[in-house]
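These notes are about the structure you will find just below.
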Amino acid sequence: MAKDLKFLRNIGIMAHIDAGKTTTTERILYYTGLTHKIGEVHEGGAVMDWMEQEQERGITITAAATTTFWKYPTVQGQVTKDTQQYSINIIDTPGHVDFTVEVERSLRVLDGAVALFCAVSGVEPQSETVWRQADKYRVPRICFVNKMDRAGADFFNAVSEIKSKLGANPIPLQIPIGSEDTFKGVVDLIRNQAIIWNDEDLGMTYQVVPIPEDLKETVEEYRQKLMESVAEYDEVLLEKYFNDPNTITTEEIMVAIRKAVIDMSISPVLCGASFKNKGVQALLDAVCTYLPSPLDLPPVQGTNPDTEEKQIRKPDVNEPFAALAFKIATDPFVGRLAFMRVYSGKLDGSSYVYNNRTGKKERISRLMQMHANKQNPIDSIEAGDICAAVGFKDIRTGDTLTDEKNKIILESIVFPEPVIGYSIEPKKQADVDKLSMAISKLVEEDPTLHVETNEETGQTVMKGMGELHLEIIIDRLRREFKLEINQGAPQVAYKEALTSTIEHKEVYKKQTGGRGKFADIVFELGPREDGQMGLQFTNEIVGGAIPREFIPAIQKGFAAAMANGPLASYPVESMKVKLIHGSFHEVDSDSLSFELAARIGFKEAAKKASPVIMEPIMAVEVTTPDEFTGPVTGDLNKRRGIMRGMDAKGNTQVVKADVPLSELFGYVTDLRTITSGRAAATLTFSRYEQVPKQLADSIVEKVKGTANK
């Protein structure tokens, strides 16, 4: 019998690093009975942080998926006749900016999210990045202000920052009773009652007590705001609100909040202290009450690859099967694991699925429900499920899996380009092939990891999203694949750009006895005016000067040539080519001749199109005590930083600047020295900008010098 999707939640837990995501997830697993003891991040025992590097560093690197169950509603933890069992698929995502890809691919397949904020720090830079990603995928969310027990905790400041920094509409559903070491409970604004958690049973039960006198005014103010906010989303409530607000029932308020959350008009805010076991059960109740089930969201849309017609798939087991592979991982015991979100239909274990990217059928050998890195075998999966499958020979992140007779391609996942690289080689020559195999496995798992061979130096260059990202990859090569690696100094992922448009004629001729080679093209080449990436190719040839069958080869030649720019062989990411004239030879012309003419023509023409070197610019935010503001800003200025302003937060300043990545290697260590370890920095990729002429010349000289060695 198909499960009732009304009681299914696919959620993610997202936040800035150190906001308490993994600790909150561990408490959820404890309270839902999936673990019998609480794992602590600082002890390296968190269930969801299962990679060795995660347990050592106390940060989450990969998005671990877990299925758990929660009974709701209950009274003091006891079931009633109205209690239902909810199935909750939780994806715990990393907060470090280098692992944004894990957040991106998780949000693509979620129905709702819990956004965690630290009561002390409020909205931090990575919170803003993740919030924007959730907006992009239209993921409804509820907010949880964590760490209310910490010195400097300020619930109302956090709510204010959610509004001002994220442009959200936060509506508190609770008001904290006390803060810092006096935090002991909350006032539930919907039921208008105070709740104090019992420490004896780790917060499993609570006492309902009178609302403290000193909070009554604040409670009245925020309850009024809550009523006003939800009344706007329901005409019946609005009428009741104006006539007699006291007639509005708890159930009506909750239904209105749910409606407003699902259409992303509001973000309810709860609070607690996960580490002290306070507030997590109410958060689980809120997940069940306010976040959508697969049935509450519009059917997923896609395209039929054969007809290119738009199609939809409803979350129903009777619809044709459709799933999206959102993560590939390698398990030492079962091999390649493909994590999937099933949008429609049903799939039994040991059956075949059709991969719309490869155009091939593959047999799944096993289906599994995941609990961090442990697998529980299951017989089948159906609409709404998040699970893992074993048996794929060729699978990539973003692949759509269907049955062969009902094809559909769902919107894939777009990942950012890497900005930093290291040259790598094995310490032992005998390990060259082993390294190649290991790297191809890691690249399969991580779409933001790129590996390429520098044609001129012969070096293998591994590129990623930041120093920590690549450090962890090299660590994995050592631990998982037993490889010893030599790595070069960090390399910036420079790019090249054309800044003027020129016309060029290229004639490619080769005569070696017998049939020769001939192609003649005249084209305009320059920067795109629309600011988009890639090649914008237009064919303006009339009268058959070049036969139509050769045009795709010309386009292919230009697209391939963009990989090596004219100055220092860095890629040209964006350009336009207008093919305006040319000629061909009846016998000697073929597709390859025209492709080569385009490649050679690009090389010659690009030199004359005012090429420049582009460098990645990072948005840097440094949180520092007031007394170090001067040294911090001075240091950023020395690094060619452009200041974007400062925000005061108590006795600290948040210094914001845009700084070229090339000036930031080892910055975190230097910052520690400047501020005696009292400042923290986040570096987020912002954009590419032109390198100043003098520096560009030295970059080109350096590349040419390396190539000539």
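Quick reminder: no glycine exception, Cβ is built from N, Cα and C everywhere.
Record features (Swiss-Prot):
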- 6-295: domain 'tr-type G' (DOMAIN)
- 15-22, 92-96, 146-149: GTP binding site (BINDING)
Per-residue pLDDT averaged over the domain 'tr-type G' (6-295) comes to what?
84
Structural state of ALA15 (GTP binding site), classified by DSSP into three states:
strand
Quick one: what's DSSP say for LYS21 (GTP binding site), helix, strand or coil?
helix
